[in-house]
Protein chains: 2
Amino acid sequence: MSQYPDRIRLQSLTDKITTAAEAAKLVKNGMTVGMSGFTRAGEAKALPVALAERARHEELKITLITGASLGNDLDKLMAESGLLARRMPFQSDAGLRKAINSGEVMFIDQHLSDTAEQLRGGSLKPVDVAIIEACAITEEGGIVPTTSVGNSATFGATADKIIIELNLAHPLALEGLHDIYFPEKRPNRHPIPLISTEQRIGLPYIPVDPAKIAAIVITDQEDSYSTVLPPDGDTQAIANHLIAFLEKEVAAGHMTNSLLPLQAGVGTIANAVMNGLLQSNFSGLTMYSEVLQDSTFELFDAGKLDFASGCSFTLSESMSNHVIANLDKYKDRLVLRPQELSNHPEIVRRLGIIGINTALEFDIYGNVNSTHVNGTHMMNGLGGSGDFTRNAHLAIFVTKSVAKGGAISSVVPMTPHVDHNEHDVDILVTEIGLADLRGLAPRERAQVIINHCVHPDFRPAMQDYFDRACATVGGQTPHILSEAFSWHTNMQQTGHMLGNK
Amino acid sequence: MSQYPDRIRLQSLTDKITTAAEAAKLVKNGMTVGMSGFTRAGEAKALPVALAERARHEELKITLITGASLGNDLDKLMAESGLLARRMPFQSDAGLRKAINSGEVMFIDQHLSDTAEQLRGGSLKPVDVAIIEACAITEEGGIVPTTSVGNSATFGATADKIIIELNLAHPLALEGLHDIYFPEKRPNRHPIPLISTEQRIGLPYIPVDPAKIAAIVITDQEDSYSTVLPPDGDTQAIANHLIAFLEKEVAAGHMTNSLLPLQAGVGTIANAVMNGLLQSNFSGLTMYSEVLQDSTFELFDAGKLDFASGCSFTLSESMSNHVIANLDKYKDRLVLRPQELSNHPEIVRRLGIIGINTALEFDIYGNVNSTHVNGTHMMNGLGGSGDFTRNAHLAIFVTKSVAKGGAISSVVPMTPHVDHNEHDVDILVTEIGLADLRGLAPRERAQVIINHCVHPDFRPAMQDYFDRACATVGGQTPHILSEAFSWHTNMQQTGHMLGNK
């Protein structure tokens with residue numbers, strides 16, 4: 001009778017093994033579903049397919065909450081099937097993006113630390129069904145997550161029913177990596193006791209009432225690999241500017257040569273900048289971050305990094321193979337926590353994190369747009385960038401100074417969408433240089449950004465805009481409102497931000 | 001020999017008593033000065049006058065950091081004397097405002113919880129001279145603050161030299177009201193142990209090295225009284241919408257009839273809304289706020305409020321007299337903390353605060369402008385609104401739906417400055433109604449805001465803008481960039497946001 005005895009250790013639960021199609025019947029039209037998965041890691045693999053299949057043949061629309069983005073084209077599949085009425089708190093899929101921007105799918109773009117708190121506090125409707133990928137179920141019925149934790153702990157704790165996808169493709173060696181902790185209910189919540197990156201404060205599994213486990217589906221499918229591009233000359237130049245700045249902070253006595261815990265946003269630029277730290281003289285580094293990417297393991301292998309706390313692994317194919325093959329070697333230097341903890345404002349402020357995130361664009365006063373192309377069309381979402389930026393010791397944004405072969409400047413007069421404002425942004429870096437905005441008033445910030453971050457092709461036009469805004473309008477933050485978005489409208493009309501070039 | 005023995009209890013310090021003019025000589029050209037004072041309460045009274053006098057006759061320019069705004073027209077006096085090269089983190093003076101908007105004074109508009117952390121971490125240049133108003137100096141040389149704490153604890157701990165203004169106009173009965181605590185240095189900071197509004201975690205005075213006390217100036221001058229206007233029909237309507245909403249939250253089991261700790265921004269509207277809670281059925285309320293205004297004491301007197309934690313008192317003349325006369329009655333239900341603590345993200349998140357702040361304007365997607373008229377000209381500053389909004393359980397903004405006799409709508413298509421963005425704002429209230437934005441996507445937020453918050457005179461034009469933005473541009477957050485600021489430019493050109501009306 002015993003099936004998968006090493007993976008399902010509460011014997012009575014083997015009765016719950018069923019097919020994805022059967023399990024999918026637990027989800028009814030109009031329900032809220034909480035699903036594992038964070039930045040293409042550890043998502044449920046079979047239920048999304050089964051639910052999408054149902055949505056093609058019957059009226060089935062759900063609110064889908066995950067950790068973050070899903071791999072294996074599942075967001076595309078679900079969006080195109082018509083399954084998704086509402087989606088939160090993050091995505092990065094081209095197919096879903098199209099449905100969001102056309103208004104078909106209502107997308108709630110949230111700080112990734114907020115969703116669990118909002119579920120707990122009643123600001124969001126409760127989750128009806130949780131669908132969680134696991135590599136094992138403990139003797140107590142606890143769920144051992146796989147390559148991400150995301151919001152799964154909160155989904156498991158709050159949902160009426162739980163469907164577990166037991167994925168045999170994930171090695172059991174993942175067990176022990178996770179640290180599951182729930183902030184207490186308010187009022188009378190105690191402090192979260194975490195005071196260093198490597199500290200464990202919770203359980204290695206998600207504790208749930210086994211009676212809520214309504215179905216177990218066996219899968220055997222790997223995560224998608226990350227799609228980040230390799231470092232290049234521009235990203236190394238950004239890293240070099242950042243290293244030089246951090247060396248000055250060390251020399252000034254603001255931190256030691258081990259710096260403070262590092263956070264790096266998901267994606268090519270932030271990963272490449274972290275990779276650039278391989279060329280630095282810093283040592284004994286630590287990470288308290290959200291997604292652990294290739295650069296984390298490159299820094300481990302180079303002896304630069306001592307410990308990394310994250311919420312998920314998102315790795316290239318070659319790095320994934322390397323990490324899985326050497327998991328025992330890395331295991332005592334790694335921990336995966338719920339995104340509420342990896343991104344928690346209390347912890348970010350307490351540890352004094354150096355947060356490095358990627359800007360889509362920023363403006364001359366240091367306001368950052370992370371999400372909206374032309375201020376209207378969603379790219380991926382805010383992710384954890386705000387969680388870290390708002391409370392970091394140093395809030396740093398990086399981007400290449402131009403895009404689309406030089407037609408677009410990543411520095412603009414005014415961002416048409418503001419995800420992080422001038423009050424929260426300390427340092428901006430492009431391959432051109434670094435702007436240290438700390439303690440500067442807006443007019444001073446503008447001149448530093450123009451001098452250090454704007455590409456030379458755009459610098460004269462930017463200086464001209466700023467000078468005319470000061471001369472003709474003035475104020476704390478000079479702008480010419482009728483012209484503030486002209487670079488964006490030029491781009492739309494002529495294909496170049498400066499118009500007919 | 002003993003002068004003011006009840007006020008200066010470390011006998012050796014009486015040698016330091018001197019005139020303001022003499023003490024002012026400790027401040028040199030180019031220095032950074034940290035001065036007490038928070039929202040017209042507890043500011044140094046004599047040194048600003050002496051420094052301004054010097055600046056009229058010699059080259060003397062300083063960076064002035066305070067808690068927040070100063071009373072007694074001191075910011076005006078200092079700005080007009082040419083003393084201020086740089087000013088942070090908040091002000092509310094018409095004379096200084098003029099100097100800021102003309103570009104004469106560089107104003108760094110900061111979250112009020114951030115300044116102390118930035119001083120401690122080296123992101124701001126250190127304070128050379130601290131000037132702190134006190135009602136007494138303890139046997140150990142500790143400074144007992146007066147009607148505000150502000151950043152005085154950090155100034156005292158970090159400055160090279162300290163000037164104390166011993167103000168005899170403040171009753172000694174203020175002693176014991178204060179709770180002075182410093183977060184530890186990073187890394188390895190422990191949790192801040194505060195878990196409830198009434199808990200005391202520090203000392204009743206600011207501990208300083210007495211050797212740093214370079215001068216003591218005796219003053220005898222009261223704080224300015226607050227300038228808030230009385231509640232009116234519109235503010236009561238706003239309060240009523242809010243009470244109805246909170247009653248629903250209680251009925252849904254999200255909180256008890258004592259709610260969660262309340263924070264209210266400084267100024268007429270937020271004070272009047274708090275006053276409106278007198279008409280509610282809630283009881284056993286608590287406040288964990290920044291400024292305690294008249295409404296705090298009205299709620300005490302009505303038996304609605306159990307405890308209030310703040311960083312300063314800012315009271316009308318009659319309420320000030322009432323509070324001082326009855327200080328013993330209130331004293332065990334009040335505490336004043338450093339602004340770093342009253343506004344700390346760790347505490348705000350832990351307590352689950354209900355934050356009520358005033359918007360200058362907000363847009364159809366829920367982005368809030370708290371500071372910049374027409375996106376360019378500074379009004380007062382951000383204050384603590386971001387500290388609370390970013391981490392509150394409920395982030396609420398209130399404003400009247402129109403201003404300037406109906407020429408200005410407080411709800412606009414797009415705010416030309418964003419202090420709090422759609423990711424952080426939960427609830428918007430005008431006298432028209434309340435928009436509950438929780439869990440809604442931007443297009444949904446827009447329709448709820450148009451239906452519930454926009455004044456009927458502006459509603460058709462707003463609906464038309466939103467409909468056309470959806471139809472012609474689309475996206476996650478539909479906008480017509482060429483038209484997004486047309487209401488602001490109409491106002492400038494015609495005196496009405498909708499043009500020639």
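Each residue, glycine too, has its Cβ placed from N, Cα and C.
The structure displayed is predicted, hence computed values, not measured ones.
According to TrEMBL, the features are:
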type	residues	note
ACT_SITE	A:Glu290	active site, 5-glutamyl coenzyme A thioester intermediate
BINDING	A:Asn380, A:Gly384, A:Lys404	CoA binding site
DOMAIN	A:13-217	domain 'Acetyl-CoA hydrolase/transferase N-terminal'
DOMAIN	A:322-465	domain 'Acetyl-CoA hydrolase/transferase C-terminal'
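Candidate recorded positions: A:Glu290, A:Asn380, A:Gly384. Fewest other C-beta atoms within 10 angstroms, A:Asn380. Secondary structure of the domain 'Acetyl-CoA hydrolase/transferase C-terminal' (A:322-465), assigned with DSSP and counted as helix (H, G, I), strand (E, B) and coil, comes to 48 helix, 35 strand, 61 coil. The Cα atom of the residue listed as 'active site, 5-glutamyl coenzyme A thioester intermediate' lies nearest to that of A:Gly384, taking the binding-site residues A:Asn380, A:Gly384, A:Lys404 as the candidates.
Under the three-state DSSP scheme, A:Glu290 (active site, 5-glutamyl coenzyme A thioester intermediate) falls in the coil class.
Per-residue confidence over the domain 'Acetyl-CoA hydrolase/transferase N-terminal' (A:13-217) averages out at a pLDDT of 97. For A:Lys404 (CoA binding site), the number of other Cβ atoms no farther than 10 Å from its own Cβ, over all displayed protein chains, is 11.
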